[in-house]
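**Student:** Take this structure, written in structure tokens, and hold onto it; I'll ask about it next.
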Amino acid sequence: MKQSLFERRHQAEWDAFQALLLSLEQGKTKEDESQAFAAQYRRICQQLALAQERTYSTHLIDQLQLLAMRGHQQFYRHRSHLGAQIIGFVLAGFPRLIRREWRSVLIASLVFYGSLIGMGVLVYLYPELVYSLMDPAQVTSMETMYDPENRRLGRFGERDAGDDWMMFGFYIMNNIGIGFQTFASGLLFGLGTLFFLLFNGLYIGAVAGHLTRIGYSDTFWSFVIGHGAFELTAITFAGAAGLKLGWALLVPGRHTRIEALRLAAAEAVKLVAGVVFFLLIAAFIEAYWSSMTFATSTIKYVVGAGLWLLVALYFIFAGRRHAPD
């Protein structure tokens, strides 16, 4: 390609990048501009490499080198702020995002908690219904997990204390797998997300209803109340993210479906980042606190209620004033 054609093709892009650099250097960029910076910087580097390979004029190469050098400085300056950005997201950005996406969160919560509570009540009243979701071996396994005689509760209840770290890893993988499944299936026009919200709600409700019916309510509810504040909340948020993808595909508005999906995914991915954060907390509590039997049920109920209250206050009040995004 001739240099003149190369310049005509990319000059507008170089001018835009130079304007973006100026904004970054003056600290006046908007959030969407900052997010686009990395991709533009990489393109400038690629174009510089092409100009050098094709032995274009020294003037053009110097111009691109200057842009690349300034971009390099800004790129690594912003990367060094990653920790601050993560803290800002946790302290303010995530709860603000949840409040902004309240419609999707509400729909996901109604489907998930509605099916959970409804199935729990039905199984408690009609015990045989539990076998519509689980086979007898699964029911027996569930009863064994929450047997009041166990030294530890939950999966692999008779494990040694030294194995808690292994269970922490297991819970992380299991929880994130459920969350990702619920989110990603939103690409099926939201139907996949609705299915997994409904299925998980029915399954958890069936377990809760059955264990309460047979007299294991104290061990079961004291086990789940702590980490449930984070795990169940995260599942509904993963559902909200999936529904956002599905809605973009169903009702793209003035955009093409691909463009609408891209715009929705930008927000949905932020939701998923918050979901992962909450699932990590849930896994830690489940491995190191929920399964322990040294604490009485009363203590676990008090701690669990406190965690639910903390989560509620976090999403109601966090990020409402001067907090970093």
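Using N, Cα and C of the backbone, Cβ positions are placed for all residues, glycine too.
Straight out of TrEMBL:
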TRANSMEM  105-126  transmembrane segment
TRANSMEM  165-184  transmembrane segment
TRANSMEM  191-212  transmembrane segment
TRANSMEM  232-250  transmembrane segment
TRANSMEM  271-289  transmembrane segment
TRANSMEM  301-319  transmembrane segment
**Student:** Take a look at 105-126, 191-212, 271-289 and tell me which one has the most Cβ pairs under 8 Å to the transmembrane segment (165-184).
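**Tutor:** Top-ranked stretch among 105-126, 191-212, 271-289: 271-289.
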**Student:** Sequence-remote contacts (6 or more beyond its ends) of the transmembrane segment (105-126), Cβ cut-off under 8 Å?
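**Tutor:** Cβ under 8 Å, 6 or more out: 98, 133, 193-194, 197-198, 200-202, 204-206, 208-210, 212-213, 232, 235-237, 239-240, 242-243.
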